[in-house]
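The following features are taken from TrEMBL:
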- 8-129: domain 'MATH' (DOMAIN)
Amino acid sequence: METREVPSAHFLIQIESFSLFDKYKINKYETSEFVAGEYKWKLMLNFNGKDSDYISVNLAMTDTSSLPTNWEVNDVFNIFLFNQISGHYHYSPVISVNFPLVLTESSEILSDPSNGYLVNDMCVFGAEVFAIERQAAVECLSLDNVDT
């Protein structure tokens, strides 16, 4: 995980009353859509995963119906978790074409207030997505007919 002071450029979600997810047995939450690049995205939070002790935050592309068959989008993206004590955003930089994917955190680490992620029953997640355009400059050099 890397750390920075600057918040996410594209999307932040502040979750208040975080403990109510467990109280009401809510296992999944999908955020509203946000636009980054030419595409629409959302974060998907999954609570009490396969071993019941992890929380996963995934990035998902939405509205893919208008994309051509066999589409592929290459992106650099980061999922953020805000440390309220240090004032820093922790993230794992990822380059991927497979969605959803990304940040998985132990619920023990997240729920321990001394770690700074969940303070006063509130936490903050974020996302940045940067599309990698496939418009490379091409140069051709032929030395076949060069007199030396």
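Every residue gets a Cβ built from N, Cα and C, even glycine.
Curation does not apply to TrEMBL; its annotations are automatic.
Across the residues of the domain 'MATH' (8-129), the predicted structure has a mean pLDDT of 83. Secondary structure of the domain 'MATH' (8-129) per DSSP, as helix, strand and coil residue counts: 12 helix, 61 strand, 49 coil.
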